[in-house]
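Database features (TrEMBL):
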TRANSMEM  A:27-46  transmembrane segment
TRANSMEM  A:58-83  transmembrane segment
TRANSMEM  A:103-124  transmembrane segment
TRANSMEM  A:131-150  transmembrane segment
TRANSMEM  A:186-207  transmembrane segment
TRANSMEM  A:237-255  transmembrane segment
TRANSMEM  A:275-299  transmembrane segment
TRANSMEM  A:311-335  transmembrane segment
Amino acid sequence: MMPVFELLRDDDEARTGNQILSRPGRILLAVGILGLAAAGPIAGSIQPFWVNLLVRMLAFALLALSLDFVFGYAGLLSFGHAAMYGAGGYTAALLVGQVTPNALVVLPASVLVGVVVAALIGWLSVRARGIYFAMLTLAFAQLLYVVVFTDLPATIAGAETVTGGDNGLYGIGSYELAGVGFGDPLAYYFLTLALVALSLAGLIRLANSPFGRVIQGVRENEDRIEFIGYNVQRYKVIAFAISGGFAGLAGGLYVPFQSVANPGLLHWTVSGELVVMVLLGGMGTLWGPMVGAGLVVFLEDRLGGVASWEVILGTLFVLVVIFAPRGIAGALISLRDDPSGAVDSVKEALKNYVREVRD
Amino acid sequence: MSGNTIGGPETDGDAPSGAILSTEGLTKQFGPLTAIDDVSIEIPDGGITAIIGPNGAGKTTLFNTFTGKHAPTEGRIEFDGQRIGGVEPYEIVRRGIVRSFQITNFFSSLTALENVRLAAQARYTGFGPADFLTHHASHEEPIADAERVLERVGLDGVATETASSLAYGQRRHLEVAIALASEPRLLLMDEPTAGMSPEETNETVELIEDIASDTTVVIIEHDMDIVMDISDQIAVLNEGKLLTQGTPSEVQSDERVQEAYLRGGGHE
């Protein structure tokens with residue numbers, strides 16, 4: 001965990017302002033990661049199933065983090081992140097099943113495939129803006145979904161099966177690393193937590209880098225950024241490819257743990273739910289969408305049997321949009337800035353909402 | 001810096017000496033509309049050139065062809081002896097042509113310093129490992145450049161304020177500061193005094209004269225007092241055509257200019 005702390009500690013205090021995550025925020029984050037590290041064994045000793053849930057929450061937190069890097073931070077509304085997630089997942093499934101369970105080989109491969117798929121989709125989509133960009137990414141992701149669902153690679157290669165078609169691939173083993181197996185859910189949990197923490201630290205660093213500042217400028221004012229000397233298209237494609245790498249990693253962590261890869265990973269509903277997670281958590285904060293994703297996965301697991309999950313998620317989403325338009329992260333930040341104003345701001349939000357609905 | 005020829009066309013030897021930017025038969029059409037019609041103009045190196053003309057004369061379109069926003073339909077543009085027609089806007093900025101905008105057009109949720117630093121950073125950054133893995137604030141040069149530019153335009157006192165919270169006159173100065181941070185050799189200013197109070201206008205005129213001491217400046221300006229006062233050269237556009245170009249006194253006494261302004265409904 002040491003490198004994580006090193007990366008989280010930023011001594012270049014923000015003379016330039018608008019820094020992602022202040023110093024107290026980073027300390028809180030480190031505490032949160034330590035808390036999660038402790039939560040694994042505790043949850044496992046109560047009920048082994050909880051560890052399983054925690055791993056899924058972490059995998060989706062990573063996926064939401066990757067989306068927030070382009071959506072919240074660079075202003076690119078991707079509606080096709082399931083493509084990179086699924087591509088990373090299938091890469092892991094095929095490699096673990098047929099080549100090697102070595103995590104040092106498979107996980108980088110998942111990242112790389114995510115980067116390549118994202119670079120391709122990004123390159124084809126970034127000239128379109130806003131909703132048109134979203135629609136293009138959605139279309140490309142659905143295209144990949146159909147490719148996997150119909151097992152097009154097998155048809156082309158003349159093989160019997162590659163992706164397993166609509167059945168998918170199952171019976172996928174777990175990772176190994178230096179002779180240590182990750183078949184135990186708790187061990188897998190620690191592997192996942194370490195990689196998610198590293199990813200977060202890495203993306204925070206990226207967000208504060210010269211590159212990160214430029215893509216923030218792209219979000220703020222795309223027209224102007226070009227007239228101060230930046231190649232906007234190239235910045236967007238690179239940001240999208242980086243994001244795709246982390247989405248691929250999320251898929252690579254999720255699939256061997258579930259020991260199943262099915263076309264559902266790539267379905268547009270995954271991309272859609274992901275956008276909801278990011279908005280729920282608070283876009284542009286990086287940590288907020290992770291909290292949002294964890295919460296959604298948790299609630300889906302706990303409440304999925306009580307009523308139709310879509311109804312619950314929809315209700316939750318509507319409530320957050322009305323009362324906390326900047327998501328969970330936004331609500332927490334305003335609570336910190338003004339703890340006594342919380343009740344007033346809820347009233348204010350309700351009033352605003354009613355007024356806008358009437359108009 | 002402008003000497004780099006990445007993707008650039010061959011150098012033409014016949015560029016007139018003394019002109020930093022010149023066009024020859026420049027035409028820009030939008031569908032059936034000819035916004036710029038066969039304009040051949042020379043912007044002398046150094047000093048202030050004003051582009052004037054009635055509304056719709058094609059002044060802003062001319063700027064847009066200089067900065068790469070619009071590729072010319074016909075004709076050519078040469079900057080510093082190199083053709084720049086069809087070159088991407090970001091590449092033109094790197095070669096030394098930078099514009100400021102008529103409407104305030106910056107990064108409103110960022111601080112004034114960060115607005116300018118981001119523009120300065122473009123001269124230092126690329127796609128190397130350090131551009132992804134180091135903290136932006138650990139790079140001293142862009143910050144130092146930005147602080148220097150803010151001081152020059154008189155905004156050093158509000159460097160850490162959010163751009164959107166600045167007063168109108170300050171915003172317009174920030175707009176100029178962002179352009180200056182790119183260290184232009186040719187600065188194009190689109191109506192730098194529009195909407196300003198008399199005091200703000202005076203300050204801005206002083207600023208433009210200060211900038212012109214080391215940078216070639218081209219302004220689009222409607223206020224004739226300012227134009228006559230600060231310009232070394234004036235180019236008059238009308239209905240997309242270059243009517244005349246000369247010193248303020250030459251242009252003032254030109255009957256065609258007076259006629260164009262009367263027919264065009266005068267200036268605002």
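Backbone N, Cα and C atoms are what each Cβ position is placed from, and that goes for glycine too.
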Leading contact stretch, A:103-124, A:131-150, A:237-255 vs the transmembrane segment (A:186-207) - CB distance under 8 Å: A:237-255
Which of A:58-83, A:103-124, A:275-299 contacts the transmembrane segment (A:131-150) most, counting Cβ pairs under 8 Å: A:58-83
Per Cβ pairs under 8 Å, the stretch of A:58-83, A:237-255, A:275-299 packing most closely against the transmembrane segment (A:103-124): A:237-255
